[in-house]
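Right, one structure below, let's go through it.
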């Protein structure tokens, strides 16, 4: 039977000094035999998804103590990708994921904590904490801050729901008046919480439900709704229960690596494909799998993408549907329920809260359960009042969305498409693969061919789009923006948003070794691997080269002969130390911290995790 890790610092005469320090934090004699639970918070006033978390760590801590544990809270950093977007701040976003994972490891191992509750929300925080959980492999429960309410505006063209992406696109749309743009800006993000569509943050919080590491509703109940408080209260009691099961009953089924197994990663990816989640989730799931020593790869994602249909379309894929609508339709448990009914789910996987994922679905899927409390839970609605306070409203929908033919969540027979919402493409321009969010691609451009317009930075691409250098039918190529080449693998939200604002959203394609925001839609292909800085073919593309994209057949190819590519590669490598770098120096200050990340960063095909030599 495993010994409590915390006893390393709380038991024995030689630990008198450590116990003295523990006492200075408030511990008493009777506390030294109790499990020490780390409450890993991520409160910051910089990020709307985290601005309301300040008191929630202590809410969880009090519940842990009621259940018989000792709670010790600390915070990680948290970067807001939307605020960091469009300037060099975005270089720090993906590397911050590794810092978050490391900081959790440092704190938890440095103080010998027995278990942890992870309070995350936004883009890199949930993945960073997930990586730490699988790295440490101690009992863990995830509870996020919850989604933001969608904005609501009345413009000169009428009333509509809006989100952050709408505000960004409108600002670049010359046909919109300054007054309408101001209305969009002031109303797109009305409350605390992670941005209201199926962007990266919400996608990742939904996936923790499929992995079995969070409670039902974690991905969908609004940050402002009173019902979300129950998740934090239950998390405090649940973590003490599973901690005792592991340390006192030798039940290792509750450990993250046994919960988030290969089959669970298949479930999470199947959910992502079915709900048209952010392409960034691919990057983060691959990284988390590596931390958990799970052999889950791009090949597995490609296999799943060919069999899982698209059952749910949410903003940015459909402008009128947001997370509040997904919740009304039964949330993640109902999407998983439809996958299970279609034979596309591993229902026997473990969870921290139920005997199996299928048992959880039976209880929480509104299509299966007769529970009034469950149905009431999924009636939680937006309050419609701007607020930065958690649990500040208790509005309810009049009815649930149980329509599986034409509703927000659909059955396999009535899927938006039998082809899933994400796809992996392979070809000579991406030998190790690249990712496209097919849920956001118009059917008319699932097959697309056009001449390349090559840019060696996001800034140059934005300038080219805004000054009319990109024309209908072009394939915009943005390279040297990968994990090493950026460094930091910037999101390309501005280029895709500006293509939409110029009316080119359905008339152009974009390929990059960088990545995309969860708010991206259109024929936007990212994570091109190997990246240009690694010697990938994308570094050999020249303006005017024809590129063929074939999503139905999962192909992406540069229409250039192998012989010509070999000549270009030879010429590139002849540049010596200047090979596989932008032709012209970029106005980009790369700090020593970013250089350290670039030195060890792996390919996007491996999750862009750091790879250290033995």
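Heads up, the Cβ atoms here are built off N, Cα and C, so glycines get one too.
Among 481, 491, 531, the residue that Swiss-Prot places alongside 81, 123, 124 at the Mg(2+) binding site is 491. Cβ atoms within 8 Å of the centroid of the Cβ atoms of 81, 123, 124, 491 (the Mg(2+) site) belong to the same-chain residues 79, 84, 90, 93, 94, 122, 200, 201, 280, 517, site residues excluded. Distance noted between the C-alpha atoms of residue 81 (Mg(2+) binding site) and residue 517 (active site, proton acceptor) is 8 Å. Secondary structure at residue 195 ([2Fe-2S] cluster binding site), as computed by DSSP, is coil. Classification of residue 491 (Mg(2+) binding site) by DSSP places it within a strand. Residue 195 ([2Fe-2S] cluster binding site) and residue 123 (Mg(2+) binding site) have their C-alpha atoms 10 Å apart, to the nearest angstrom.
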